[in-house]
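One structure is given here, and the rest of the page talks about it.
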Number of protein chains: 2
Amino acid sequence: MNKPVFSQLNPPQRLLMGPGPINADPRVLRAMSAPLIGQYDPAMTAYMNEVMMLYRSVFRTSNDWTLLVDGTSRAGIEAILVSAIRPGDKVLVPVFGRFGHLLCEIARRCQAEVHTIETPWGTVFTPDQIEEAIKRVRPTMLLTVHGDTSTTMRQPLEELGAICRRYGVLFYTDATATLGGNPLETDAWGLDAVSAGMQKCLGGSAGTSPITLSEQMADSITRRRHVEEGIRDNRHQDGDEPIISSNYFDLAMIMDYWGSERLNHHTEATSALYGARECARLIVQEGVEAGIARHQLHGAALRAGVEAMGLEVFGDPRHKMNNVLGINIPDGLHDQQIRECMLNDFGIEIGTSFGPLKGKMWRIGTMGYNARKDCVLQTLAALEATLNRYGFKTVQGAGMEAAWNSYAN
Amino acid sequence: MNKPVFSQLNPPQRLLMGPGPINADPRVLRAMSAPLIGQYDPAMTAYMNEVMMLYRSVFRTSNDWTLLVDGTSRAGIEAILVSAIRPGDKVLVPVFGRFGHLLCEIARRCQAEVHTIETPWGTVFTPDQIEEAIKRVRPTMLLTVHGDTSTTMRQPLEELGAICRRYGVLFYTDATATLGGNPLETDAWGLDAVSAGMQKCLGGSAGTSPITLSEQMADSITRRRHVEEGIRDNRHQDGDEPIISSNYFDLAMIMDYWGSERLNHHTEATSALYGARECARLIVQEGVEAGIARHQLHGAALRAGVEAMGLEVFGDPRHKMNNVLGINIPDGLHDQQIRECMLNDFGIEIGTSFGPLKGKMWRIGTMGYNARKDCVLQTLAALEATLNRYGFKTVQGAGMEAAWNSYAN
């Protein structure tokens, strides 16, 4: 049998303007290719400490426990949920898109009693609606999505921390799609846990998930700490806190690994840590607020251009994420045909949708390294050409002009 | 407040000769810095298919379900255990080192009834001992470690598959530390599941875990398949198979993502996948057997050199892994002092030990990209100089000569 021959990697050049992943900043990819060092090398533990400091700035927090979970963004979500939720705990999930359903799904696997409130896709909740549900359900945790890319909506979180405090509820948000591109104030908003991912506004490559835990959340988790030896010997007693059902996602252990004790847990995903450090370093260098303003600027220009082309934007405009735009697909146009033309002829990827919006909406992202004028203008020009080709007539040049004007204002 | 200034990554150059991580092959690091592409880009799904083909060669299997779990090697272990073990299942773990204990620990968190047999560190089990225990326990799964770096021992697995078949037991091995550097025959040995990691003999960077599942194992797991929607709506009925308690590690979902349906699960850790593909591509190019022979060659030279220096090798020599050598620390020498001199003055990392061997054994690895003559000879020369400095007198040059002779034979 002949061995199949596999050639060197040679991925096509793409401009990734979907809801993520986006093109990683080349500086991040270079950092990821730095030589490895040992897990307990003083240089490595110094980098781990720097990662903690840098992500405190990005998350806007003074939380000690600000660290990485090795896996994609949903690894960070699951680590927080499986470590914090005790079987039988009530949790409340306000669902305004697909990723709210994901939180429900993971919480159910953690044996939570899951309560939801729902709102039509394209809208978000008022603080009153959430307080009302908290009063009714009396959950131990409120699980929110900050920005749900499935609908492009951003749930206001500013007032929820105070509400949670009043009812003794721990407050979590999934900021995978928002961190770095939208305001997020972990401490000022009273968040007890936040998780994120690398492949959106942070400008990196998926593979490790930054999280931050308030002191109260960390205490709640470390009360469930079991040393490996105890579990091995079945020494945990009735009456103890229930064991965390995952080893890999046991944040009590992961805190002991990132903390001063440096107890061995997993082998660090060193290249991913290098990448995460570089992402945060670049953000801190630019300034967290400046980075958010950049996402706002380019998101607004994209939107201005799209609307001037005669396309309609999806969802409540008061609650849009800065970094993803939903476009209602006009009658007579075929979702996939347009996207394939964009990808195959221009090398530009835009996103489709799923669930109730499948085939009805495109999603265009402007985030991380791709929150840039050239990316926005290239995408608009290609989109206009493609739409015209397939029969959707625009006023020639109106989209581009609106985008230029948006930049000029 | 002044912003702290963080400089570009600049890790020190280290020769990583511990039990892993080792220096990644520079070609792998370069592959990991390739531009990202979208998750459903035809180029990406083609790479996923190539990864499956390549790891079939490395695992020596024709298993369809040969894929990556995004996370470090223990992510692969946990994904298999949490997906395959039903609460209350009996599992048998032959424990001959630290990583056997880890399997017990993870299995307990999966609510298995865990049965163990133990053997002193530095020894392994005979097939008879394992068959005896299987007859007594009647487990649903046998969970083994192929090579346990904590003791440097390699458990013979050749005969266990047939035994497992006789008793209707599913057969798993953790090959994190052995795959690519020691013979491992998934199909010929009747293994139902194998997991591995990148940072040992595969010459990569930790962050994704290759696994392979037999048809029988895959069937056992997919019987527990629940669609996200069902879980969301609590639609699984009594009498159904118990739900897999993790979303991230739900192999039924991960198979649907890697399979022809390509159902969305997590966002792929693309850089890690690029790296994993390059590791396997280089191994297949060298030839799987040739790679193993290379590990054998350099491991033997290291051992010959160490013994000729008057040092004693740990454990049963008939069952040593090719790629990690345990050295009993001579009386009067201080574990950490020697390792620090090696690291700080020569830039060479060797490993300490833990558990019952803490402070008593060094571990030197020759694996992956570092299974090379120059790495072995540099390490021996530095070790001899360091030992002499701290009062352990060797016959000058004997270690080097023995290593050269080992290469000449």
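Yeah, the Cβs are placed from backbone N, Cα and C, and that goes for glycine too.
For reference, TrEMBL has these:
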{"type": "DOMAIN", "residues": "B:45-350", "note": "domain 'Aminotransferase class V'"}
{"type": "MOD_RES", "residues": "B:K200", "note": "N6-(pyridoxal phosphate)lysine"}
{"type": "BINDING", "residues": "B:R363", "note": "substrate binding site"}
Cβ proximity for the residue listed as 'substrate binding site', under 8 A, sequence spacing 6+, ordered by residue number, returns B:G18, B:P19, B:T149, B:T152, B:V324, B:L325, B:G326, B:I327, B:I350, B:G351, B:T352, B:S353
Around the Cβ of B:K200 (N6-(pyridoxal phosphate)lysine), other Cβ atoms within 10 Å, all chains included, total 30
Over the domain 'Aminotransferase class V' (B:45-350) the mean pLDDT stands at 95
The correct three-state DSSP answer for the residue listed as 'substrate binding site' is strand
